[in-house]
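Enquirer: Please find one structure pasted underneath; my questions will follow.
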Amino acid sequence: MGQIYVMDHPLIQHKVSMLRSKETGSKEFRELVEEIAMLMCYEATRDLPLEEIEVETPVAKAKAKALAGKKLGIVPILRTGLGMVDGMLNLVPAAKVGHIGLYRDPETLEPVEYYCKLPYDAPERDIYVLDPMLATGGSASAAIQFIKDKGVQRIRFLCLIAAPEGVERLNKDHPDVDIYVAALDEKLNDHGYIVPGLGDAGDRLFGTK
Ligand code: URA
């Protein structure tokens, strides 16, 4: 079973509350999503391996630590996942960025991949899949499956707000994938919105409503 990590850092919780407010406009919303993604990245990379190195300070030689060269990749699910990319890259600028886009077939209701471009060496990387809202888990689960089908084995999923239904679905379909969330909400409503949630993340990010 995948682990679920609820990020209870006070800065994250404070910023999520601001994000939820319907008074928050697109500019501030975008900034908050980026900041929360950066703080979540900090927490979700806690277990990155380190190695000993030697550096020369202006005073003396020092034994120090550096990241042990583990390669990371970031894959936002289009379009809302895009809002989290810069926050992650602020902390891990060497990460490569792939993109995946899905739509729901109107007849079968099955998710269909319409775009997927991953780093050429994605199977050797730890891949962080990004989507701010984990609602039913249908798209996230399908996106993760499409990424696995391209040979990627080590995947983590980062979202800002999750519904219990989405967490359950991801755990069932992908028990090997750990989930990092800033808030675990109560439920989904009849329209598939997370309650209390924050409304439509894409429209709020891009001002399309
Ligand atoms: N997607 C959103 O943007 N908001 C929700 O509440 C659920 C899915």
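Yeah, the Cβs are placed from backbone N, Cα and C, and that goes for glycine too.
Predicted automatically and left uncurated, TrEMBL annotations should be read as such.
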Enquirer: Of the residues Asp190, Asp200, only one is listed by TrEMBL in the 5-phospho-alpha-D-ribose 1-diphosphate site with Arg79, Arg104, Asp131, Pro132, Met133, Leu134, Ala135, Thr136, Gly137, Gly138, Ser139. Which is it?
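Expert: TrEMBL names Asp200 for this 5-phospho-alpha-D-ribose 1-diphosphate site.
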Enquirer: Can you tell me whether DSSP puts Gly199 (uracil binding site) in helix, strand or coil?
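Expert: DSSP assigns Gly199 (uracil binding site) to coil.
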Enquirer: Starting from each candidate's C-beta and looking 10 angstroms out, tell me which of the binding-site residues Gly137, Gly199 has the most other C-beta atoms.
Expert: Gly137
Enquirer: Would you mind sorting out which of Arg79, Asp131, Gly137, Ser139 (the binding-site residues) have a C-alpha within 10 A of the one on Ile194 (uracil binding site)?
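Expert: Qualifying among Arg79, Asp131, Gly137, Ser139: none.
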Enquirer: Other residues near the uracil site, CB within 8 A of the CB centroid of Ile194, Gly199, Asp200, Ala201?
Expert: Met133, Ile161, Tyr193, Gly197, Leu198, Gly202, Asp203, Arg204
